[in-house]
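Engineer: The structure is given below, and queries will be raised subsequently.
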Amino acid sequence: MDKANPTCFLFCMLTLFVSGSLLFFLGFFPASQSHLVEMYGNGNITTKPTELDGVNLKVPAGGPKQVILLIIDALRFDFATASKMPYAYDRSCKFLSLKVDIPTVTMPRLKSIVTGAVSNFIDIVLNLGHTTALKDSLLHRLRAKEKTAVFAGDRTWIELFPREFSRCYENIDSFFVYDFFLGDSNITDTLKQEIQRNDWHFLILHYLGLDHIGHVEGSESDTIFKKLLEMDSVVEYITKNPTFENQLLLVTADHGMRNGGGHGGNEKEEVNVPIMLFQPKCLTKNKRPSLSEHNQIDLAPTLAIILDIDIPETSLSCLIPEFFDCYTQEAQLYHLLYNAQHLMNKLTKKLSINYIRQRAYYQWWQEARNSHKHFLLSNISSLVTFEKAKQNYMRFSKEVSLQLTQTLVEFEYDFIAIALTLTTLSALTLLLNVLFENPLLCVMSKGFSLTVFLRCCFMATIINYLCHYFNYISSRSLLIGILITLPVAFSLYLIWDLFQLILQIILPLSPKFKAHFKLSIPSVLTAIFFIQIATRGSSSLIEEEHWTWYYLTPTLLIFLIAQNFHNNIKHCWRNQKLRENMLLLRQTFEMRNAIFLLLIIVFCRHLNANDTRGYYTMDLATIFRRKGNLFYLDLILLTGLSMLWWLLRKYNSPLQMFTCLVALLSVFGYRQSPKYPGIPLLIFWCGVLTTACIHYSGICCKRGRNHSLGATFNLLALLKTNLTCCLLVSALLHDPHNVILLPALIFMLETSYQLCDNLYLKDKRLYNRSYILILKTVLTIFIANTFYFFQGNTNKLSTININPGYIGLKSYNALIVGSLITLNMYCAQINAYLYLVWHMFNTQVQTLPIRQEKEQITNMQLFESTEEDLYLVLNLYTTTTVVPVAVYWWLLIAFRYHLFIYSVYAPKAIYECFQILVFYLNFIVTTLYFKLFK
């Protein structure tokens with residue numbers, strides 16, 4: 001059995017963990033959209049009732065000939081006011097509030113509007129990618145009745161309904177957020193053409209400009225108010241058009257907009273949207289919004305009644321009774337009965353009739369039918385009987401709708417069980433191999449045994465067959481059944497290796513075979529690490545996770561500073577030579593940089609407000625913008641660029657420093673002239689490419705690259721170049737006031753590493769090399785996560801900054817936009833990891849002359865020593881990153897029925913999964929450099 005490569009081992013463990021995490025994601029958030037129809041019937045539409053307990057019912061006449069649904073993307077409730085949309089506010093017949101389900105992004109909200117069901121949380125991931133066409137909806141029912149639907153606006157509708165519209169005019173670049181007015185102008189032009197026609201029954205208009213403005217300029221932008229007035233004028237044009245006599249207009253939004261301008265979370269500004277009804281003759285005009293609140297999914301059955309079509313089979317929602325005030329009392333009760341009967345049919349397919357009859361809502365159902373029947377048989381219309389029937393129908397519908405919606409929460413427990421096993425075993429393997437050392441049985445020191453793996457595959461096949469046979473695993477398809485065998489086989493392989501290692505820890509065959517600790521981890525680091533993991537069990541601490549890092553990282557730095565201070569004082573008292581005492585005192589005085597670190601944390605903390613509960617909503621950037629002091633924002637940008645260029649001098653030649661200066665000046669020029677970005681961006685990318693080519697071209701043309709020391713210098717040069725280019729690109733992508741975070745990050749890492757090295761130089765027995773490497777690794781992770789939140793990121797999806805994805809683009813490209821957004825969001829983790837790896841090689845090269853003189857070390861021994869340190873750091877970094885995520889997957893299962901599962905825990909799960917993917921890619925790229933230039 002050959003000795004395994006430690007880097008290959010880490011890659012395999014990390015690959016298994018990432019695969020398990022993705023499998024867990026698929027099990028916890030099923031992506032299938034067809035389960036609604038399958039769960040509640042095989043496409044059988046609830047027919048309209050013709051009798052009620054022996055009393056014949058007359059189907060009411062249809063509503064208006066034409067219905068217009070005007071969706072203003074990101075129109076939150078407090079935007080539709082008398083000052084911002086005066087015409088719509090004053091002229092609406094009904095003004096109500098709709099409660100939007102999370103996630104508050106476009107695609108799942110559109111699904112809810114047209115199906116009447118709550119869509120899957122995984123739709124937030126699909127929102128920017130592939131969209132699966134729906135199988136049943138309002139538009140399908142409309143087409144079944146041979147009625148015509150026309151659409152103009154967001155192309156997401158076309159992806160959801162590729163064949164349901166007779167005419168469609170979609171925006172080509174719906175995701176291009178810098179389009180504020182052109183796309184909306186095209187929709188209005190389409191409206192002016194279509195409103196004169198009488199061959200359509202349902203016209204959908206989806207305006208995107210307001211949402212784009214919010215993403216780019218925020219919710220307080222002056223452009224927001226201009227856009228609201230433009231939307232108000234569209235409403236005025238429709239209602240004043242002569243053809244409106246036979247039409248009805250509904251104005252609403254798919255979701256709201258948080259105060260920062262984004263959306264995706266559960267803040268009240270995101271989940272509360274208005275809905276306004278306009279029709280030619282209003283019985284009453286509401287001068288103020290109604291206090292009653294309905295769910296957004298209630299639009300589906302309501303629109304079905306207005307359009308005189310069947311309620312979609314997927315609908316699990318109620319009617320909005322205020323929209324039927326102009327109908328006769330008999331017609332209102334008929335429609336309420338129809339929707340209630342539809343929900344009752346759903347309920348009987350899910351629960352037994354005996355169980356239903358024992359519930360309170362069944363009594364409401366019976367009372368509503370009895371009152372309805374009494375109302376029909378009475379010669380004199382009784383308002384009391386009508387209201388009693390109406391209220392009982394509504395009570396029944398709301399309760400049953402809630403019950404059915406809750407039953408939609410389904411988990412693929414077979415996927416989850418396999419995923420938890422794989423991720424837990426991978427994390428445990430990494431943890432034990434970083435803590436224990438046994439050269440004979442430790443997994444890290446063994447090669448991959450194909451024989452053992454084949455045996456595990458055979459056992460996994462048997463387990464898979466038995467699980468399918470006894471229905472522990474649901475059969476989906478033959479391919480999926482076969483693919484499940486692979487993670488089960490890897491899990492069995494890890495179980496066997498872990499069993500051997502744990503056996504040697506507990507019951508070694510002999511003392512020389514006993515596994516023992518190879519790392520001495522400080523108790524303070526262990527405590528801080530466990531505190532950070534424990535905070536994931538609290539919904540409040542997940543929402544406010546930035547506070548965890550704001551406290552733990554300074555605590556770790558203070559611990560490091562205290563160790564240095566104690567070490568310096570101890571050596572001062574021991575040393576009798578005045579000169580050396582003065583030298584030690586001077587080194588103690590130089591610890592002022594450590595104090596400066598804490599001041600940097602205080603400053604960076606106030607750059608952005610990422611408090612999700614509104615306790616601290618004011619940050620420096622917001623204060624300067626509101627007061628019009630843009631000069632100070634420019635000053636912060638210029639200071640950040642200058643400091644970054646000054647710090648880069650350590651990693652670059654004079655020629656590279658010039659190209660870096662050109663690139664950074666072009667960033668400043670781009671921010672000062674956003675209307676003409678072409679030239680500054682062209683200069684920037686030329687500067688970055690020139691900086692990279694200077695080292696790459698020289699190294700690729702060198703001979704003797706296989707020499708050990710030359711390879712080390714080559715790798716060191718390339719790592720410096722990669723770090724420099726990554727910092728330059730981050731400076732372009734960052735918001736102007738956030739650029740100063742880049743030099744702050746490098747300075748904090750550099751200073752903290754110096755403090756660690758001081759400990760090692762002063763007392764190598766107490767602070768050995770492994771101790772210092774552990775300290776540096778943990779510091780890197782904590783500082784990187786702290787700066788991640790300094791950028792304004794949170795665990796809410798609404799704080800994702802999508803603006804960097806469109807820098808330099810004139811159209812939407814999913815790959816480029818996604819890559820730039822990811823690089824901007826996780827730049828702290830990426831840059832900190834690159835800096836740590838570069839620092840390790842740079843330290844070895846700088847100490848080479850001293851070590852060769854004192855320890856008689858050769859060049860090959862130097863590289864082997866560097867490799868040993870590198871593998872230790874990579875193992876520590878990987879383990880420290882993976883273990884908290886593995887624990888969180890278990891917590892997510894434990895809290896799967898928690899009240900805040902989709903508002904707090906699920907968004908955090910998306911961030912955790914994506915962060916692991918980013919680290920995985922970073923690890924692969926860095927490891928490839930080690931292999932190429934070793």
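A Cβ is built for glycine as well, from the same backbone N, Cα and C atoms used for every other residue.
Because TrEMBL annotations are produced automatically, they should be read as predictions rather than curated entries.
Note that the structure is a prediction, hence the values are computed from the model and not measured.
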Engineer: To which of the residue ranges 547-569, 593-615 does TrEMBL assign the term transmembrane segment?
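Structural biologist: In TrEMBL, residues 547-569 carry the label transmembrane segment.
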Engineer: Tell me if the transmembrane segment (478-496) touches the transmembrane segment (629-648). I count contact as 3 or more CB pairs below 8 A, with pairs 6 or more residues apart.
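Structural biologist: No, the transmembrane segment (629-648) does not contact the transmembrane segment (478-496).
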Engineer: What else in the chain is close to the transmembrane segment (448-466), if you only count residues 6 or more beyond its ends and a Cβ gap under 8 Å?
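Structural biologist: Same-chain residues near the transmembrane segment (448-466) but 6 or more away: 1, 4, 12, 472-473, 481, 484-486, 488-493, 496.
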Engineer: What parts of the chain pack near the transmembrane segment (547-569), using Cβ distances under 8 Å and only residues at least 6 beyond its ends?
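Structural biologist: Distant contacts of the transmembrane segment (547-569): 524-525, 528, 531-532, 535, 541, 584-585, 587-588, 591, 594-595, 597-598, 601, 605, 752, 755-756, 758-759, 762-763, 775, 778-779, 782-783, 785-786, 788-789.
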Engineer: Give me the DSSP three-state residue breakdown of the domain 'GPI ethanolamine phosphate transferase 2 C-terminal' (773-914), ordered helix, strand, coil.
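Structural biologist: Across the domain 'GPI ethanolamine phosphate transferase 2 C-terminal' (773-914), the residues distribute as 115 helix, 0 strand, 27 coil.
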Engineer: What average pLDDT is reported by the model for the domain 'GPI ethanolamine phosphate transferase 2 C-terminal' (773-914)?
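Structural biologist: Overall, the domain 'GPI ethanolamine phosphate transferase 2 C-terminal' (773-914) comes to a mean pLDDT of 84.
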Engineer: In the same chain, which residue numbers or ranges, 6 or more beyond the ends of the transmembrane segment (773-791), come under 8 angstroms Cβ to Cβ?
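Structural biologist: Residues 519, 521-522, 525, 528-529, 545-546, 549-550, 552-553, 556-557, 560, 601, 604-605, 607-608, 610, 734, 738, 741, 744-745, 748-749, 752-753, 756, 759, 801, 825-829, 831-833, 835-836, 839, 869, 872-873, 876-877, 880-881 contact the transmembrane segment (773-791) from elsewhere in the chain.
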